[in-house]
Every structure is written in C-alpha cells, then in structure tokens.
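Swiss-Prot lists Glu247, Arg254, Arg269, Glu299, Phe339, Arg414, Lys420 with the feature ATP binding site, giving sequence analysis as the kind of evidence. Taken from Swiss-Prot, the feature active site, N6-AMP-lysine intermediate covers Lys249.
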Amino acid sequence: MRYIELAQLYQKLEKTTMKLIKTRLVADFLKKVPEDHLEFIPYLILGDVFPEWDERELGVGEKLLIKAVSMATGIDSKEIENSVKDTGDLGESIALAVKRRKQKSFFSQPLTIKRVYQTLVKVAETTGEGSQDKKMKYLANLFMDAEPIEAKYIARTVLGTMRTGVAEGLLRDAISLAFNVKVELVERAYMLTSDFGFVAKIAKTEGNDGLAKVTIQIGKPIKPMLAQQAANIKEALLEMGGEAEFEIKYDGARVQVHKDGEKVTIYSRRLENVTRAIPEIVEAIKEALKPAKAIVEGELVAIGEDGRPLPFQYVLRRFRRKYNIEEMMEKIPLELNLFDVLYVDGVSLIDTKFMERRKKLEEIVEANGKVKIAENLITKNVEEAEQFYKRALEMGHEGLMAKRLDAIYEPGNRGKKWLKIKPTMENLDLVIIGAEWGEGRRAHLLGSFILGAYDPETGEFLEVGKVGSGFTDDDLVEFTKMLRPLIIKEEGKRVWIQPKVVIEVTYQEIQKSPKYRSGFALRFPRYVALREDKGPEDADTIERIAQLYELQERMKGKV
C-alpha cells in the first residue's frame, strides 16, 4: 500500500472539522488496509509510530530532521529554517524543499506505508555512538523518494505534530464502522489492551465474537479506572449504599505493575513504561508479589527525610531521570502502596467484586520496606470514617478514596463507584491550546496560556480560561522553549498551540460562561505544575468540569 494514500487521508482530515466526515474517511481507509498492516497503521493515523506504552522513541528533533531534508534535497538547512517564518509550519517548509529538490536518485521508488513505518522503527531502535548520523541517513533516504505531500506528513509524524484532529474516540468509531462491529466491543477491547493495532486486526479478522473474547494481556497496560470527587464523607457513604471501603489517598503517581516471572514492567498513569527509572521498586516487587504472573495497581510515593510524603512532582522527577539513577534513588526514596489486583496467574479479576479483589491482594502480597498495601477502613459509620480522614490528612496525605464494596473494575471509566474525598476542590489538569507573548522584559517569552478541556466526542479542546499567575521566570523560559515548536499560527501577541502539553491548575471557582463554547470559565486560575505523566487525552474533560461545578455548588449549599 503506497504511502501517498495515507498522506492524502491526512490532507482530507486536515481540511474538515466535522467529526462524522473524519470518522467516515478513516473507516473507508481502514477497509482498504491489508491485514498485516493493521497492527501499525492505526498508530500512524493518530500521528504516532508506537503505542504509548512502548518504550521506543524516535529521538529526532527539528534540527536533525532539517539536516536530513537538506541531505536529501541539496537545499541548505538555513534556507529551510528561514522558510518556516513564511509557512509557519516545518512540515509545509519541508514539502516545499522536496518540491524544489535539486537531486533525485535514478533508482527512486514510490514510498510504501510499510517502508516508511519500518524506517521509523529503525530510527527509534538506533542508539549509541554515531546514532544521530545514522538516523539522519535513514530519514534522508525517505525524503529522497518522497513526494512533497508525503514529505510534509513524514515530517509531522517524526515531530509528533500531525494536526488532523483524530483522537482515540474517533479512531474507535472508525474501526467499528469499517469492520461492522459493535463500538462498545471495540472500546472494551482497547481499554483492556491499550493497543489499537491489535484491536483493529481482531475486528477485521474475527468480528464481534473475537472482540468479545479479548482479555487482559501481561505487557499491555489496562486503561485505569478513575474516580469522581465527593463533597464529604457523608455524601460518599450515601453514594456507596451506606457502607464503603475507605483508603488513604496518597499524593503520588499511580502505577500499574505487570509481573511475568522474573520480568517486572511498571507503567505510569499515562501508560508509559517507567521501569528503568525505578529499579529498587522492581526488585521490591519481585520479593513482595508471590504469584508468577500478576497485574497490580498502586500509588508510588516519594518519602522525605522526616518519613512524611513529598509532593507527587518528586516521583515525576524519578520517572524523568535516565542517568545517575542510583544517585536519585538516594535523594528521592520511593514507596509503593498497592490498592488493587487485576490479574493473577492467567485469571482476569476485573469482573470480580472489589472486596474480593482486595482480599486477593492481601493474600498475594508480602509487604516489605518498599512495597506495602494501602491502609484502609471498611465502615458504615460517618464518625469513624471522619476520624480516618483526619488521620490521613495529619500524616500528610491528600485525603481518602471511597470504594463501593461490590464494584467491578471498569477500565477507563470515571464513575461514582470510586470517589475521592479531599479538603479542597479538585485541581484541574488542562491542555495548553494557545498563549500570549509577554510585555516589557518578558516580551520574548510566552507570558499567559489559554487552557482547554478535552471533549472526547469531537476530539477537540474547548477553552475554559487563561492562566498567567503561578509561573516563575524560569518556568516561562521552559514553557516558551517547550511550546515554540508546537505553535500553529500567530496573530499579533496571540499564538495558537498544538494541544500536547498538560498543566495542573488551581482556581477560586468554576463559573458558567457564555463567552466560551465549553460553557464554563475558571475564576482566577493559577499554575501548579507541569503534568508530564499525562497526555492531552488524559486531561480533564468538559463533562468533568460540569461535575465539579455541580459539586462546588453542593458544597456551597446551592444545589
């Protein structure tokens, strides 16, 4: 299958904002895809190369990409860089360079999708001494044979800046439409495996029956079950039917642990493989988890010198560290508090009631200094739960989780079977979708940022406000450096940014607002932290903001 067919799909997707049209375009394309291509083409359609849990990264920045294009076209790198000032898009500038190509091989052959994919895999797997030169040559070989439209989208794939508006929800619907299978079965299979390539292939070859049989696989992380927030203990107990399991809510990073014999793999909440960054936890898991094969979930917490928990950002620092890991182990010791088990020795437990899963967890875990089971309390008594809540806060934790005793595990769902109880309104994780340049001495820096909440139905990010407070000068330097390559267009001081970066913000309150399409606006938002553990589709949704608005009004006594 030729790559130009995929490039033309990208172009059509870019030209329409209508979700139904996009879905039909992707579905019609998937129908034509050979079976052996289905394992990777869904990721290319999303603008990726690998699933989010795959450790491999392309490791190619703008400069290396431009050098590869220069090598392929004979056009000076500086000329390509300068062209971006006119086009506003490196992909467009690369397409123009390829159009003006000064040299083309006599042996040039049309690009196939498989060749492009295999080359990108080779780029990702090339490491060590001289790897940058090798990566450049691999990419240059693609650009030598590429048509301008192909070059544009190869470049965008490499940089992760596709801009076609295809998100997980749209791809799910397109798979359902293409292969005439139930959308809820596609959703379920994806939530259990986090692998659209696998799901698309099953949908085509085995249909609804095959999708219904999909189950958990060690090595493919499950989309985590999520919680809503309750106003207080009393409301949580009422929602749970009068009795609940209360657990300490740790201020850490949620992880999913897959054990397969002596092999342990640990995934972040965003399903990224963080195993190499936390070797001491890997060893502790081998000792603590008795079964040969298991999948468990827990909260990874950084511990201070006083034995109290440190803010979750310290755990993220551990995740980011690729070198001098032993030094970081000393500086930021970690502790894993397990709270659920999803799979043991070939048996999926997600359809098992929560209390049975909790008992199973206690049976299979032998706690040690690094791995523990989350402290809990089962009660019908409000006062007893209040005392437990108070103690959790005094110990430096965030609050409590309340869990329905008979709840099954629902991957990817944010329902009311799990509830958070915290002393303040929940902070929001939102995507930066635009920004404004600063003034005076900060004129060269982005100074305030437009915040977007995710709409899973359309794949859009709808504006809910602008944040400019809470940032240090160093923060603004870092954000400007991070966001500059993601700028889509500029108009005066305002820039539009590709939705990639998630930040956590606090705010005074949520207001209803006709000013924004979202219907909501944040009053006095303030920057708290960069959420590197979350991708744009993990950001808070419009529905979530509506729920928090209702909760806020209940806490005020207005509802």
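Heads up, residue numbers simply count up from 1 along the chain you see.
In case you wondered, yes, glycine gets a Cβ from its N, Cα and C as well.
All features noted in Swiss-Prot, drawn onto the structure.
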residue	record	CB count, 10 Å
Glu247	ATP binding site	23
Lys249	active site, N6-AMP-lysine intermediate	22
Arg254	ATP binding site	19
Arg269	ATP binding site	20
Glu299	ATP binding site	26
Phe339	ATP binding site	23
Arg414	ATP binding site	17
Lys420	ATP binding site	17
Maximum Cα-Cα separation (Å), residues Glu247, Arg254, Arg269, Glu299, Phe339, Arg414, Lys420 listed as binding ATP: 19
Nearest-integer angstrom distance between the alpha carbons (Cα) of the residue listed as 'active site, N6-AMP-lysine intermediate' and Glu299 (ATP binding site): 9
